[in-house]
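Colleague: Would you mind keeping the following structure in view while I ask a few things?
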Amino acid sequence: MIRKCLVLFLSFALLLSVFPMLNVDAANRPLAKIPGNSNPLMDHKLGADPYSLVYDGRVYIFMSSDTYVYNKDGSIKENDFSALDRIQVISSTDMVNWTDHGTIPVAGANNKNSGRGIAKWASNSWAPAVAHKKINGRDKFFLYFANGGAGIGVLTADTPIGPWTDPLGKALVTHSTPGMAGVTWLFDPAVLVDDDGTGYLYSGGGIPNESDPASIANPKTARVIKLGADMTSVIGSATTIDAPYLFEDSGIHKYNGKYYYSYCINFAGTHPQQYPAGEIGYMVSDNPMGPFTYKGHFLKNPYTFFGVGGNNHHAVFNFKNEWYVVYHAQTVSKAQIGAGKGYRSPHINKLVHKEDGSISEVQGNMTGIAQLSNMNPYTRVEAETIAWQAGVTTEPTQASGGPISNLNVTNIHNGDWIAVGKADFGSAGAKTFKANVATNVGGNIEVRLDSETGPLVGSLKVPSTGGMQTWREVETTINNATGVHNIYLVFTGSGSGNLLNLDAWQFTPNTGGNTITKVEAENMKIGGTYAGKISAPFDGVALYANADYVSYSQYFANSTHNISVRGASSNAGTAKVDLVIGGVTVGSFNFTGKTPTVQTLSNITHATGDQEIKLALTSDDGTWDAYVDFIEFSL
């Protein structure tokens, strides 16, 4: 997973030359992901050793937490991998617009992650692998990670983005695990859940003796071991995978009933032509435990495509009936400092299986994958959903109404911008644009089409909200936004500091009616002793006892609304859910029976401004549970 890359020392003056002073009359330029391209997947942060998880129409990419490390003079060091104690997560439905889900603070030994580390025994979290499996009818997610080269740990969650817990309190696999002796580097996990629900964990790497040609040619340090039904235990002994010229980076996928084990070929010694150094080779078997037979290679070293090399790390996945490979390359760091220095970023390109089962050579490039579907601008869009950007970063937020591990866009200066690809405004077009913002000084958000200097269709004045985590929804009118366009939000304002933070945004359609605001229960704050997420009869939240609730903050310009909630009871009884706005109970929803229904409370009056909306139990008699799907109303 970790190899040294080209060392290039930069002076502080040169570093500053890469970041010229902003011309306040012009928008900033993107760093590495250029509008129209899909690679790298993001350039506002780094991410290495990518692994994919496809779930519920989204692809999630989990990555090691590459972070710039600095010399005393302010120049960027060569990556020493000391910051790999967290896991980065992003996701997308269309392969262009990626939502930043922040970091998972995995390693917890020696007060790592400021004491928030989940695995208190682990000092590192390298090269994640992720799997989904239904256990006892419930969706469960499993995050495997390497504690350096000493073993593999596992975390579990009920959603792909957490919250994550450590079910074991120790490593799942170590050198003491049967069959794991002799593995030089016990890291770089990959995981397969087969069609029958059985899980398999692949790992390993390294050359036992780099001065021995036989050891270089057949390191025999890759392993596969069967997982227990709970995915957090192992069964039996690990089996050796005799991958020729193995270096690291286990990968696994299944295609047409065959099992494909793939890996990074090592750099040591002299290789026969069929084992090119630093490329991704692959083997095929009829059994997930092997034996595997070497068939060839399909992904060249990143240097071939981008002029900056280093190790090769990949994962193969199928998304919406097409095959892809995600891999890392040092393209963002090259764009920022002129050299990779070992700092990596995720890329995706298409992968093709030929009729005979062999894999075609993948063409790595900055173009990437064309957007798979248009975006709907009339639903809430998290601001950290970004196709392209200039100047911004993201941070954890206190704003409500977003997903678990919600972020906001920050570090916003005059001329910075964010953009999303291919939003479909329809023939009627947009009427208004609203955004959830927080700011001390205020500023403006220009809404432009197709470029940062494209047609201006609206301008949103952002007043001071009284704090950078004091949130308020503001709105403006939109003109001449119809059809399919890329949307650019360009930030303007005075001063040299952070102008504002942006949590989410949404357009309203120009149909003559009011916009519909819909908030999913599973994205709200969950409170009470027993409340928890459910996946049946819908993805939502179960309220099991009095004082259980879900809530979020909503800005109201008007004081009267019709408010609808979709819900159900756990049985034939009637589940009563109170609607509380601003601390005042304004009505109740009564859901009878297990079939979900939408109920509406009409002409509800309440206070204006920022108000807490809460759906709560106060009259539970112990004979029923309430299931809540979403709340919906017209602004």
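Glycine too: its Cβ is placed from the backbone N, Cα and C atoms.
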Colleague: Please identify which of Asp249, Asp286, Asp503, Asp539 is recorded by Swiss-Prot as part of the Ca(2+) 1 site containing Glu382, Glu384, Asn406, Leu407.
Modeller: Asp503
Colleague: Glu520, Glu522, Asp539 bind Ca(2+) 2 in Swiss-Prot, but which of Asp424, Asp625, Asp629 does that record place at the same site?
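Modeller: The one candidate that Swiss-Prot places in that Ca(2+) 2 site: Asp629.
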Colleague: Looking at Swiss-Prot, Asp620, Trp624, Asp625 are annotated for Ca(2+) 3. Which of Tyr488, Tyr530, Tyr544, Tyr549 sits in that same site?
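Modeller: Among the candidates, Swiss-Prot records only Tyr544 at this Ca(2+) 3 site.
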Colleague: For the Ca(2+) 2 site given as Glu520, Glu522, Asp539, Asp629, which other residues of the same chain have their Cβ within 8 Å of the site's Cβ centre?
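Modeller: In sequence order, the nearby non-listed residues are Ala521, Asn523, Phe538, Gly540, Val541, Val628, Phe630.
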Colleague: Summarise the domain 'CBM6 2' (517-634) as counts of helix, strand and coil residues per DSSP.
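Modeller: Counting residues per DSSP class in the domain 'CBM6 2' (517-634), I get 3 helix, 75 strand, 40 coil.
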Colleague: Taking the recorded Ca(2+) 1 site as Glu382, Glu384, Asn406, Leu407, Asp503, identify the other residues of that chain whose CB atom sits within 8 Å of the mean position of the site's CB atoms, giving them in sequence order.
Modeller: Thr99, Asp100, Ala383, Thr394, Thr397, Ala399, Gly402, Pro403, Asn408, Val409, Ala504
Colleague: Select one residue from Glu382, Glu522: among these binding-site residues, choose the one with the most other Cβ atoms within 10 Å of its Cβ.
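Modeller: Neighbour-count leader: Glu382.
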Colleague: For Leu407 (Ca(2+) 1 binding site), what is the secondary structure state per DSSP, taken as helix, strand or coil?
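Modeller: For Leu407 (Ca(2+) 1 binding site) - judged by DSSP and reduced to three states - the answer is strand.
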Colleague: Counting every protein chain present, what is the number of Cβ atoms, excluding its own, within 10 Å of the Cβ of Asp503 (Ca(2+) 1 binding site)?
Modeller: 25
Colleague: Just checking, which of Asp49, Glu520, Asp539 (recorded positions) has the fewest C-beta atoms within 10 Å of its C-beta?
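Modeller: So among Asp49, Glu520, Asp539, the recorded positions given, the one with the fewest Cβ atoms within 10 Å is Asp539.
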Colleague: Mind giving me a neighbour count for Asp629 (Ca(2+) 2 binding site)? Other Cβ atoms within 10 Å of its Cβ, every protein chain shown.
Modeller: 21
